[in-house]
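Report on one structure; see the data block that follows.
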Ligand SMILES: Nc1nc2c([nH]c(=O)n2[C@H]2C[C@H](O)[C@@H](COP(=O)(O)OP(=O)(O)OP(=O)(O)O)O2)c(=O)[nH]1
């Protein structure tokens with residue numbers, strides 16, 4: 001099966017996590033962390049900074065790799081590096097997504113995450129509970 005390499009940015013501010021809802025495509029209406037496919041010649045960190053600038057008009061600083069999700073979708077294998085990010089500059093303008101929410105550890109599970117994200121979201125909830 002083909003492997004698709006993706007990066008996602010987990011933007012955390014004041015204990016809240018920024019989630020976005022996909023506005024188009026196969027996974028339309030699913031909730032995710034902003035990001036996308038790594039392009040040739042890019043590091044994962046560069047890809048996450050580029051994707052968040054493209055999607056949200058916001059510059060982020062990559063803090064640390066939180067987790068790498070490995071998940072089999074019916075048509076491809078997803079390998080997704082998920083980085084904790086902080087906002088450096090910008091107002092998180094929704095250029096591609098249809099909605100966004102700041103979620104707390106209590107509300108993290110109230111949106112319909114993309115199938116690959118459930119384990120990651122649970123790990124994030126545990127991390128926020130320890131803070
Ligand atoms: N950004 C993101 N993608 C995710 C998450 N969970 C998950 O399964 N995915 C999947 C959905 C897509 O198959 C893939 C991301 O690819 P994409 O289509 O958004 O990539 P892209 O922005 O480069 O878009 P494109 O140019 O190919 O249209 O990863 C997530 O939390 N964030």
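Residue positions begin at 1 at the first shown residue.
Cβ from N, Cα, C; glycine included.
A quick note: this is a predicted structure, and the numbers were derived from the prediction, not measured.
In TrEMBL this protein carries:
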BINDING   22, 32, 33, 34, 35  8-oxo-dGTP binding site
BINDING   35, 55  Mg(2+) binding site
DOMAIN    2-128  domain 'Nudix hydrolase'
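Feature map: annotations from TrEMBL on the structure.
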residue	record	Cβ within 10 Å
22	8-oxo-dGTP binding site	17
32	8-oxo-dGTP binding site	20
33	8-oxo-dGTP binding site	28
34	8-oxo-dGTP binding site	26
35	8-oxo-dGTP binding site	24
55	Mg(2+) binding site	19
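Comparing residue 55 (Mg(2+) binding site) with residue 34 (8-oxo-dGTP binding site), their Cα atoms are 7 Å apart once rounded. Take the mean position of the Cβ atoms of 22, 32, 33, 34, 35, the recorded 8-oxo-dGTP site; other residues of that chain with a Cβ within 8 Å of it are 8, 9, 19, 20, 36, 55, 97, 114. In the domain 'Nudix hydrolase' (2-128), the DSSP tally of helix, strand and coil residues is 30 helix, 55 strand, 42 coil. Only 32, 35, in sequence order, out of the binding-site residues 22, 32, 35, 55 have a CB under 6 Å from ligand 1. Across the domain 'Nudix hydrolase' (2-128), the model assigns an average pLDDT of 97.
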